[in-house]
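Colleague: Below: one structure in structure tokens.
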Amino acid sequence: MQRFVYINDESCRDSYRDNRVSNTKYTLWNFLPKNLLEQFRRFMNQYFLLIACLQLWPTITPVSPATTWGPLAIIFIVSASKEAWDDYNRYLSDKKVNERRIWVVKDGIRRQIKARGIHVGNIVWLHENDEIPCDLVLIGTSDPQGICYVETAALDGETDLKTRIIPSICADLSSEQLGKIKGVVECPNPDNDIRRFDANMRLFPPIIDNEKCPLTINNTLLQSCYLRYTEWACGVAIYTGNETKSGMSRGTAEPKLTAADSMIDKLTVAIFIFQIAVVLLLGLAGNIWKDSHGCKLWYLMYPAERPWYDFLVIPLRFELLCSIMIPISIKVTLDLAKGVYAKFIDCDDQMFDPETNTPAHSANTAISEDLGQVEYILSDKTGTLTENRMIFRRCYISGVLYGDKTGDALKDARLLNAVSSKDPDVVKFLMVMALCNTVVPIKSNDGTISYKAQSQDEEALVNAASNLNMLLTSKDSSGIAEICFNGSKFYYEVLDVLEFTSDRKRMSIVVKEVKSGKFLLLTKGADEAIFPRSCPGEQTKTYLEAVEMYSHLGLRTLCLGCRDLEEDEYKEWSKKFQDASCSLDNREHKIAEVCNSLEQGIHILGITAIEDRLQDGVPETIKLLRKAGINVWMLTGDKQTTAIQIGLLCNLITPESKGQLLSINGKTEDDILQSLERALTIMKTALERKDLAFVLDGWALEIILKRSLESFTKLAMMSRTAICCRMTPLQKAQLVGILKSSGSLTLAIGDGGNDVRMIQEANVGVGISGREGLQAARAADYSIGKFKFLRRLILVHGRYSYNRTAFISQYSFYKSLLICFIQILFSFSSGLSGTSIFNSISLMAYNVFYTSLPVMTIIFDKDISEATVLRYPQILLYSQAGRLLNRSTFAEWFGRSLYHAFVVFLITINAYADEKSDMEELSMVALSGCIWLQAFVVTLDTNSFTCPQITLIWGNFVAFYMINLILSAVPTLQMHTVMWHLCNQPSYWITMALIVAAGMGPVLALRYLRNVYRPSAIDVLQQIEQTDGHAQAPGNLESSTGTYLDYLLTDLRRNKSSIHQPLLSDSASSR
Amino acid sequence: GDPGLPSSAMYPLEMEGNSNPKTTNKPKYSKFTQQELPACKPLLTPEIVIAAFALIGALFVPIGLASLHASRQVVELVHRYDASCVPVDDKVGFIQNSRTDKTCTVTMTVPKYMKSPIHVYYLIDGFYQNHRRYVRSRSDKQLRYKSAAHLTSDCVPEGDTADHAPIVPCGLVAWSLFNDTYTVRVNGVVTQVNKKDIAWKSDKNNKFGKNIYPSNFQKGRLIGGATLNESIPLSEQEDLIVWMRTAALPTFRKLYGRIEKDINANDNVTVVIQNNYNTYSFGGSKALVLSTASWIGGKNNFIGIAYLTIGGLCLSLAMGFLVLYMVKRRNFGDPSNLSWNR
């Protein structure tokens, strides 16, 4: 499908939408229905709505409908207002954008209108530092050569300036003509590809140049970019409003579900099934009791004639009575807790990077638990493990290794001498360094020159060249580049740029030396991309050795070369290149082919070696994470030797004696598959102590994915470390996908645009707000300033979040089950008729108030201190393997609630028997029994008590009495004066103490026995923390503890796939 | 998943705090946000746990003894009369026949000195006052407000009379009001059973109106239980008020009245019962209870026994843990001696 844009033609303005930008999800009118619909898509909400509706039928409802409608309404209002607030903020920012004043040519006159009034085909005028309001095709700039600069950071995250150029047919238009031109732009329908724009433009008379002119992305100004260093620019609106490239690339991200969440969902379903079973059983029993016994009770006056639905009444009553088994508050409580975890991450001042002034940020507030369950970390190399601060360190020119003594070629006297003596090889080498790039030199007012480059490597090379007196002073739009070498100026006309792509792995430019008129092809690229294209007879061996050597030092190498071109040859090629550039389909491929035809017979000039230093703290962090049982993989676009070198430097892989690196490669597809099988066999038979890792490159991966995915998955599951080099962004995402599909929880971390896909694919995406822009950080769930903060993010925040969520969710079920079991027990003494022992107010307050506040205190809880976690990172295994939230732990809570229900009920009915068995009193005794138990359960399960915790747990307890004493004063309530009566009875307090002792005694005893005689590693660490505090012969303790813990944790790890890990074994099927 | 990214994407310069070196984005330090609040971390050390159990045991045993003692101080006479008061086999027919003389006399001997006040209860077993159909068949508003006499929708099937006049008090609870009466003689002397103040004061004052009189009560085809004197307001109908405070369990006692005279040991108590109430059709039982009270309430050994059991268990647990602690000594916090194999 094509779009035809008629420039400056008001008659076609209605065929496309105007430039009103809208990011809002709702309008004022559809908010309520749409939001409600969305909320009711969740199973839990549907369930509660059904329950609430059933409660409207007075025959079956055990309590007033308000017990469900109230909390339901609160939950809905909370989520709806959050949505509404977010949407309102989006609306405000949209409004700000839409109401900006923009200069537009309308009806031949230039005037200022609101940005939303721009239509497709309008000519828009922009001034320096303006934000571009819609997608434009550039037709004129203030620059005589038709160049302008844009900052695209908002679009792709790259902070460097990009050059945009006007199409050739607009080159000679005056600014008066610009306002009047007519023409047509033929372009594809809106899409979200911000790197491609394959279109044509034709201008109509009076500017008679009926030639079709090709347009590329370089001729466009895209919405949300900024115009820089250009006085003005004007363009034709092509895509407007939400149809722009930036508008189309905003997707609504699918909400991620954490492993803990899916476990909770599974438990909910299990409880739901249990509830249905209970309801059916009790309903059946109730009907039988009614028919056999109930009918004889004259005081019940059962009518002889009963309606047809009579058999349904009792089961439905029990359904309503048992509906509290699934805690209505769990979602709100968990959302609230997750919000707090995210805030803790945002506020952590130990994760603040003062160098870049960036604090950690969690964009996704819902998945902190997953951080604590990470099994695989897939990390980018450049900019993530390394600083991405490229420094030119060494070079190899015509047989001389410069910089091998000092480690810095710029200080190597031999090179400096060669430069001053104008050694022709060195001069040519430097010229390629200075010219073969897309760097933009910007001269500031005081005459100094700074370089704006899209690639850090290019910037490093140009800077190094300028330090060696080869100064790139200017580049103008007509393509003339000025170079200053040792004070004398040289001019080159840049004719074509054969761009870098990740497939080509090289870039070239064609220049014409202005003085001599000679044509030159200057090339730089990866060694394996250049060497095969060198001229025959070239001694590539020595260069290869140099490349090897530099890679071993962990340096990034580039091979520089050049070739003299004949004019005829160039002219012929240039035509083909033009055609390829104009083609509308498959343009990239065609261009690559044409480029390849020119890049042959290259004369190799030398090798540059650029250092990319490891980030601070990376080796320690990786060591710690690996010790914590996380498998760390490195996925990089860099070459194998460099990647391995970096891997060694940052503790990712162990040197030969202890570790072994299995390389999966080969010349043919079969070779590769064979080496994969070999690696798999070695991996299976290897000793546990040996640290195995595999290495493969993009090509091998491509073949493996095509032909042997299964064995690769096996290998991936066994391998703790892997280095994958020469990966494309897609392949990185595919690797994440493979690990994810085999049930592992993955975390992807990266800093650049090429990591975005992997970050979005992974369970948890972490972006480093680094030098390659913010693109990765924006796409990620968490953004941090440095790789080293990952250790805190996972071990501290992730682990605590998981522990806390595990407690909150299971406790929520516990307290709901407790009250529900009491109801069930009571129904056996009320003729299975479905009477609620508790009144409506108590039930509602129990769920919403009495029990949800104390449980929230757990968000401050720390089982072991941060320092201990970082000292014994193996402890992460507990959260990683889902030890604290799985079927067996849930069964424990289930059993506890059943036991506590029996304790509360039996003690209550026996202590309040005979003349005391008043319904209201008994109900209040049972309720207070529950509240007492709650307070003690939370206290027993809290590991560390801080002020807010103590206040909330016991304050809530006091509040319970206050509220009920106050409610007892209201004469219209059934519970009028009940609490006063009770509080005056010594037997009430004695009963409470009995309930607590009988309820908590066994729990405490079991907990104690387990802590002391069969402690988990967490218990041991808690004990160590305490004894360390008392300073008992620390040295001695240290060593013995260390070995014991090693033993303990390796033992655990060996059992990892066994029955102790329900979460892990399940997660495969859940995803 | 916050789809609101674009708003920030629109203004990238506002986001870049590093463009202005003076402002720092460093989070403000507070012990709260850094999760560094001072915390107390009690551990379940053997010392603490053993001490705790010992303490609980030491507290519970005396409380248990005191409760048991109090309960034993209470003198309680229970006399079941439902079977003995019906001389014929067809018990249901007998009780439902309004013409038969249902007077019945029982005699009890007081084993111990009973100090006044002596509570007179009726005990019913197998009566589901907590049945859902029963417990909700009442109108609290009607009992409280004169203007709410017509609010009988909850009272089905005892809401209105056949000609749609509201029954006051309506509902099954009121309709099934207990109607046995007792006349007590101690050693042949008629002793007053005081029926004043047997109901909760708050019920009399707030839940049952002073200006509401029974009407249309027990006028239907089926007579449930007792009738009410239509000239006495509901707030003074204490039997009704007691009855309408429904019991939570199918076995319950309700206060009938108090004897405000001490009864000596070996005194003969003769009670003349008007045996009107039908517990026969559903196999329930009735009993007359005379009981004194202590600080713990009526006679209830449960609390005392439960306390003694729990206290004993706690003491033995403490002992057991202590022995275990001595025998299988664990160096706390030094786990190298532990075996981990399960």
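Glycine residues also receive a Cβ, built from the backbone N, Cα and C atoms like all the rest.
As annotated by TrEMBL, domain 'P-type ATPase N-terminal' applies to A:5-69. Sequence annotations record features per position, and here TrEMBL assigns domain 'P-type ATPase A' to A:98-161. Look at TrEMBL and you will find A:267-288, A:893-912, A:924-940, A:952-974, A:986-1006 tagged as transmembrane segment. Residues or ranges marked as Mg(2+) binding site in TrEMBL: A:ASP380, A:THR382, A:ASP751, A:ASP755. The annotation active site, 4-aspartylphosphate intermediate is assigned in TrEMBL to A:ASP380. For A:ASP380, A:LYS381, A:THR382, A:GLU458, A:PHE500, A:LYS524, A:ARG556, A:THR636, A:GLY637, A:ASP638, A:ARG726, A:LYS732, A:ASN754, A:ASP755, the entry in TrEMBL reads ATP binding site. Here TrEMBL flags A:777-1016 as domain 'P-type ATPase C-terminal'.
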Colleague: Three states by DSSP: which one describes A:ARG726 (ATP binding site)?
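Modeller: Reduced to three states, the DSSP call for A:ARG726 (ATP binding site) is coil.
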Colleague: Under DSSP, the domain 'P-type ATPase N-terminal' (A:5-69) has how many residues in helix, strand and coil?
Modeller: 28 helix, 3 strand, 34 coil
Colleague: I'm trying to understand the geometry here, so how far is the Cα atom of A:GLY637 (ATP binding site) from the Cα atom of A:THR382 (Mg(2+) binding site), in Å to the nearest whole number?
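Modeller: So the alpha carbons of A:GLY637 (ATP binding site) and A:THR382 (Mg(2+) binding site) sit roughly 8 Å from each other.
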Colleague: Using Cβ-Cβ distances, find the residues under 8 Å from A:ASP755 (Mg(2+) binding site) that belong to the same chain and are at least 6 apart in sequence, listing them in sequence order.
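Modeller: Listed in sequence order, they are A:ASP380, A:THR384, A:PRO729, A:LYS732, A:ALA748, A:ILE749, A:GLY767, A:ALA776.
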Colleague: Need a quick answer: max count of Cβ pairs under 8 Å to the transmembrane segment (A:924-940), which of A:267-288, A:893-912, A:952-974, A:986-1006 is it?
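Modeller: Comparing A:267-288, A:893-912, A:952-974, A:986-1006 against the transmembrane segment (A:924-940), the winner is A:986-1006.
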Colleague: Cα-Cα, whole number of Å: A:PHE500 (ATP binding site) versus A:ASP751 (Mg(2+) binding site)?
Modeller: 20
Colleague: Within 10 Å of the Cβ of A:GLY637 (ATP binding site), how many other Cβ atoms can be counted across all chains shown?
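Modeller: Cβ-Cβ neighbours of A:GLY637 (ATP binding site) within 10 Å number 22.
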Colleague: When you measure from the Cβ of A:ARG726 (ATP binding site), how many other Cβ atoms are you left with inside 10 Å?
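Modeller: Total other Cβ atoms inside 10 Å, all chains included: 22.
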Colleague: For the domain 'P-type ATPase A' (A:98-161), DSSP counts of helix, strand and coil?
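Modeller: So the counts come to 8 helix, 31 strand, 25 coil.
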Colleague: Applying a 10 Å Cβ distance cut-off over all chains shown, what neighbour count does A:ARG556 (ATP binding site) have?
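Modeller: A 10 Å sphere around the Cβ of A:ARG556 (ATP binding site) contains 23 other Cβ atoms.
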Colleague: How many other Cβ atoms sit within 10 Å of the Cβ of A:ASP751 (Mg(2+) binding site)?
Modeller: 32
Colleague: Would you identify which of the binding-site residues A:THR382, A:ASN754 has the most other C-beta atoms lying within 10 angstroms of its C-beta?
Modeller: A:THR382
Colleague: Rounded to the nearest angstrom, how far is the Cα of A:THR382 (Mg(2+) binding site) from the Cα of A:ASN754 (ATP binding site)?
Modeller: 11
Colleague: I'd like the Cβ neighbour count for A:PHE500 (ATP binding site), meaning other Cβ atoms within 10 Å of its Cβ, all protein chains included.
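Modeller: That number is 19.
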Colleague: Including all protein chains displayed, how many Cβ atoms other than that of A:ASP380 (Mg(2+) binding site) lie within 10 Å of its Cβ?
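Modeller: Within a 10 Å radius of the Cβ of A:ASP380 (Mg(2+) binding site) lie 31 other Cβ atoms.
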Colleague: According to DSSP, which kind of secondary structure is A:ASP380 (Mg(2+) binding site) found in, if we only use helix, strand and coil?
Modeller: strand
